[in-house]
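J.: The domain 'Fructose-1-6-bisphosphatase class I N-terminal' feature in TrEMBL is assigned to 32-153. Marked as Mg(2+) 1 binding site by TrEMBL: 70, 95, 97. The Mg(2+) 2 binding site annotation in TrEMBL covers 95, 98, 250. For 98, 99, 100, 101, 214, 244, the entry in TrEMBL reads substrate binding site. What TrEMBL records for 179-301 is domain 'Fructose-1-6-bisphosphatase class 1 C-terminal'.
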Ligand code: AFP
């Protein structure tokens with residue numbers, strides 16, 4: 001097994017260390033901030049808080065050269081010193097609070113992280129690691145670092161697997177996360193009338209075979225697939241042919257994680273990781289899950 005990349009480890013140490021602080025800040029930050037993000041979406045106070053905290057924490061990590069966020073128009077240059085292993089400075093891309101509209105309804109949301117060894121916009125093949133924090137009944141973090149996928153539970157306090165003075169206790173609950181062989185759940189975003197006919201026909205087949213698990217936050221819905229096997233999609237829509245999810249901040253990291261677990265991803269015709277972006281805020285239709293279900297999707301859309 002490859003030696004862990006010290007910069008990648010330091011990035012996820014910083015993400016884990018901020019998680020309890022972000023979680024504690026959510027109750028007081030359910031209101032709109034009065035601003036929009038570069039994708040034209042309403043930004044909540046929770047989005048702004050998480051973005052600023054993570055920008056500070058990740059910008060301080062040696063080996064991180066630039067910080068890019070779904071909430072910011074451009075990358076910001078930070079530090080940039082090469083990592084301890086002599087590797088070049090990485091670009092860290094985040095969705096600071098994915099599913100923040102679930103704040104009002106008190107449902108799951110999280111933070112998505114992608115570590116690229118190329119300046120953005122970059123393809124998913126430039127990822128060296130990816131992960132997500134999920135704020136559910138408990139706080140968990142899933143990390144794919146090139147040598148497998150692990151799941152951690154993160155709590156306030158010291159001890160566990162975490163660094164004693166980081167103020168968090170981290171416990172690895174699975175150090176070799178793989179997709180279950182038998183799929184059981186599905187979750188599809190967007191409105192049924194807006195789905196292309198071929199996707200709607202595919203969805204009808206899937207609905208007859210599996211249980212619906214859709215909560216409106218990609219990290220929560222993908223974690224259902226990661227846990228129980230199945231397929232998640234936010235497809236192309238009639239009024240949004242590129243779908244809703246952002247390639248750099250959501251689709252690439254999630255595709256990297258699911259493919260690292262033995263699953264598959266697709267933009268409808270090829271792996272998400274092969275999508276060539278024009279800009280850092282490009283959107284892309286995202287489909288991830290068990291390979292057989294993604295293959296069936298691509299056949300249905302190619303029909
Ligand atoms: P918010 O961050 O605005 O809540 O959007 C979340 C998201 O980008 C992604 O996490 C979900 O999968 C998707 O949007 C849900 O979109 P719908 O509200 O259209 O179902």
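The backbone N, Cα and C atoms fix where each Cβ goes, glycine too.
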J.: For residue 95 (Mg(2+) 1 binding site), just give me the three-state DSSP call.
T.: strand
J.: Within the set 97, 98, 99, 100, 101, which binding-site residues show a CB-to-ligand 1 distance under 6 A?
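T.: From 97, 98, 99, 100, 101, counting a Cβ under 6 Å from ligand 1 as near, the near ones are 98, 99, 100, 101.
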J.: Looking only at the domain 'Fructose-1-6-bisphosphatase class I N-terminal' (32-153), what is the model's average confidence as pLDDT?
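T.: Reported value for the domain 'Fructose-1-6-bisphosphatase class I N-terminal' (32-153) is a mean pLDDT of 92.
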J.: On a simple 10 Å Cβ count over all chains shown, which one of the binding-site residues 100, 101 is most densely packed?
T.: 100
J.: Count the Cβ atoms, other than its own, that fall within 10 Å of the Cβ of residue 250 (Mg(2+) 2 binding site), considering every protein chain shown.
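T.: There are 27 such Cβ atoms around residue 250 (Mg(2+) 2 binding site).
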J.: Rank the binding-site residues 70, 95, 98 by the number of other Cβ atoms within 10 Å of each Cβ, and give the residue at the low end.
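T.: So among 70, 95, 98, the binding-site residues given, the one with the fewest Cβ atoms within 10 Å is 70.
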J.: Are there any residues at least 6 positions away along the chain from residue 214 (substrate binding site) with a Cβ closer than 8 Å to its Cβ? List them or say none.
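T.: 187, 188, 189, 221 - these are the non-local Cβ neighbours of residue 214 (substrate binding site), listed in sequence order.
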J.: Select the closest residue to residue 70 (Mg(2+) 1 binding site) from the following binding-site residues, measuring between CA atoms: 99, 100, 101, 244, 250.
T.: 250
